[in-house]
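**Q** Found this in TrEMBL, in case it helps:
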BINDING   37, 38, 39, 40, 41, 42, 43, 44  ATP binding site
DOMAIN    16-344  domain 'UvrD-like helicase ATP-binding'
DOMAIN    345-664  domain 'UvrD-like helicase C-terminal'
């Protein structure tokens, strides 16, 4: 058998030659291996190449390879890369009289850590008494469940002084910590008792710092019954959360060694991606399954370990060599990838400077060096930094820089408006922030310059004007006392109610309140105030004397009141249907479609919000409007953004997101804003450690406690010693916090390919003391001064007695606001021209060329009509129809009639074949008992099967969707329903069941999303499926939902107003001649 070196394989596959470091990793001996891969160092390509090298040299067959990573997106990318390379290898080897059979008929398994843990539980959980059918709850469902437990709890909570939403967060966080570290509530209770005893044994008067710490421990103890109830609730629902899944998998693996033997026999080679982000439970699971010298390759970067608050530990990567030793007992081998293929040399200079303290602290990572292709001198500076006087000036500087970078990249004139730059010429751009409070000023500055903006994440989504309008209306519908939400609606761009009319409405509200207030209500001012608020909405239903208002104000109040009454009648609908109705009733759907410039973004925001509502409704028991609004309120306060991998880079717009959410992504241009003292790095958050954090597991109970600050009470002989130990812990925690923040800054500055902008300010909003540059911005400035970039501006330190200049800035705005702004004169002029234009639909009155085209077309059509005789034939519907024929009946009855009268074979369609192959792959995936990877379509590795990259792309996109980890109740469900005497036959792709007894019928679509009448017709398919499933299960129709999932775009679409049984009946019986359709022969 021929032996291939990495460079020979690259030549064979016609790929660029690997670097020496990459070649060392690719051809490393088969055994435990740690690869420290810096940001942008090409680890995905290197991992894929290692698999190809192992397969080509006979060390392993493809199906014996397991690859694990954190996100579905990353798993899809890695699986696609491996399959692509193996396919290329098979083609090249065929020329040497070797076939694909020599490489093995199977495919590698690439999955997320969580999905692999789920498979371990599903296949082996019965050994430990775990039911394999237990459902996995999403984060939204967990939040709902915990919220219900907290609100129903009547036990002792005297030590807990927090809002219910804060308690819910604490319960979920502590429950997750317990699972991640394989602990039980009893462990917390026992350890806390010992801690109380140890502190209580110290002599001296109890000091306040000590009392505060003990009080927080007591509050945590009072959460333990809530956590037990939360666990009991999950058990009743036969459900588990992600933490349960991991702890169960770790328990099975450690308690039953035979499970490890099975997995090691199945997977001879294991690849662990982003290993620095693994939690204690994941490490325990992997060590139990693949320890003891099994060939495990872990890849990661300790400088990018930023998820300590989620259970990961920066020391995990450093411990790998000792936790996964070689069979001889020696530590695992260590290799590095230090060539960056992403960042310019100047950007790497900044990144290496920021990471230097981490390396000196012990991180096993070397400085990054640029690839040769990036080392050529740039024509313009690639790093700019600035320190401004105020946060608004920083936002303005940043926006100006971004706009200049767009114009430079597109090679257009300096005054070109952003929307005039073609989307394909706009550099991908991101603005990274440390906290969400930074976003409004930055967004306003960017939008004021005409730059399209997308604020990423649910919290950011809620800040967009169109979604804020929807949420405000929902709040008013759910709670008439939501005066702030109602005022937003009244004073917003649609209704534009002025002060005089608002005062009149308020007076009417007070009048109604006074009329129904009883005599003793005056003794209850709190209740009276509540009633005053409540009738503000009621006043819209009873406006009183029209003379109180302006004529236009009264008309608008009346219209809004009618809309709200209409929407209240629809509150029993599922959340997605309610949102769709709200858009239509309020005209928001039309308004965003007509919006200039960013109409697509606005529509995308509304669609994303609808998808969130649909997931919440589908994944939660008792998904009421009030519960959904409470969930949104909690999500709005989330600082760290989305989970890693959930963000997609969007072209053509400036994305604003938190630095945490940016990990793993890259853009052409990246601005890191707010590099100020107490902003980035932020102030030490005491709530993140166990002495102060309500929902934090005490560090001594964590599996990774050796890498965390410790409270040392051994030397404390009295209470003063305890206070000193607390102060030492606080200092250690601050140092630990700074290292976490430095890793986050390192992640931020390694995101850009071409341009890095870094900025800060002296004066923030509402602060009394100037902030100034953070240590990170100071370090970046020094590198710029040394030649790595340009210091654009550096504001001097304010005088000691200086006042915040933003405190004297009085925001001003016109009221009511004009939604058209400076565009009003032009739009009004255009509207006047349209109104004054003569009504004549004959285009020949205009352009002579167009008139000639019309005339010639009419002559051709007339000649065709004369030469081709047309006859009308009535075609009776057959006694049975397929669902696709029912859709055709809605879309084009004549076309259906022609096909019924003279059936013709369908022309060969590769897209249809691909769709069939995709559906078959999904059916196999869902029906299989084992974990199916990205490429498990039967025949995918056959010798004569040409690779279908489009099909692989569809599979990868599905695995990156929200449906990938959800397990359907049934797939490919055949049915036959009788409607108006006609048997309608079809087959449902997938049906999902939810805890509250509701169902979802989902149809997978591999084509594009239709619009207009085609979308309306397509919805008939879901209507038929929905009715059929309700009949099959004997459940009410309103308990069955339906959706299309468009795989290419990743959109889940739930058409509103689906036809019910009467609607489908009307569709068939409304035909003329009792069920006849007209066929016009041609």
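Numbers run from 1 along the shown chain.
Quick reminder: no glycine exception, Cβ is built from N, Cα and C everywhere.
What TrEMBL says about a protein is an automatic prediction, not a curated fact.
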**Q** Hey, for the ATP site built from 37, 38, 39, 40, 41, 42, 43, 44, who else sits with CB inside 8 A of the CB center?
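**A** Everything else in range on the chain: 46, 301, 337, 340, 341, 342.
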**Q** Per DSSP, residue 43 (ATP binding site) is which: helix, strand or coil?
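**A** In three-state terms, residue 43 (ATP binding site) counts as helix.
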**Q** If one looks at the chain holding residue 44 (ATP binding site), which residues at least 6 apart in sequence have a CB under 8 angstroms from its CB?
**A** 74, 77, 78, 81
**Q** The domain 'UvrD-like helicase ATP-binding' (16-344): mean pLDDT?
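**A** Its mean pLDDT is 89.
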**Q** So if I measure Cβ to Cβ from residue 40 (ATP binding site) and keep only same-chain residues at least 6 apart in sequence, which ones fall under 8 Å?
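**A** For residue 40 (ATP binding site), the qualifying residues are 340, 341, 342, 343, 368, 666, 750.
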**Q** Taking 37, 42 as the binding-site residues to compare, which has the smallest set of other Cβ atoms within 10 Å?
**A** 42
**Q** Let me know the DSSP-derived helix, strand or coil state of residue 37 (ATP binding site), please.
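**A** Looking at the DSSP assignment, residue 37 (ATP binding site) belongs to a strand.
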**Q** I'd like to know which of these binding-site residues, 38, 43, is least surrounded, judged by other CB atoms within 10 A.
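**A** Among the binding-site residues 38, 43, the sparsest Cβ neighbourhood within 10 Å belongs to 43.
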**Q** So for residue 41 (ATP binding site), how many other CB atoms are inside 10 Å of its CB?
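**A** If we count other Cβ atoms within 10 Å of residue 41 (ATP binding site), we arrive at 26.
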**Q** What is the number of other Cβ atoms found within 10 Å of the Cβ of residue 39 (ATP binding site)?
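**A** Within a 10 Å radius of the Cβ of residue 39 (ATP binding site) lie 24 other Cβ atoms.
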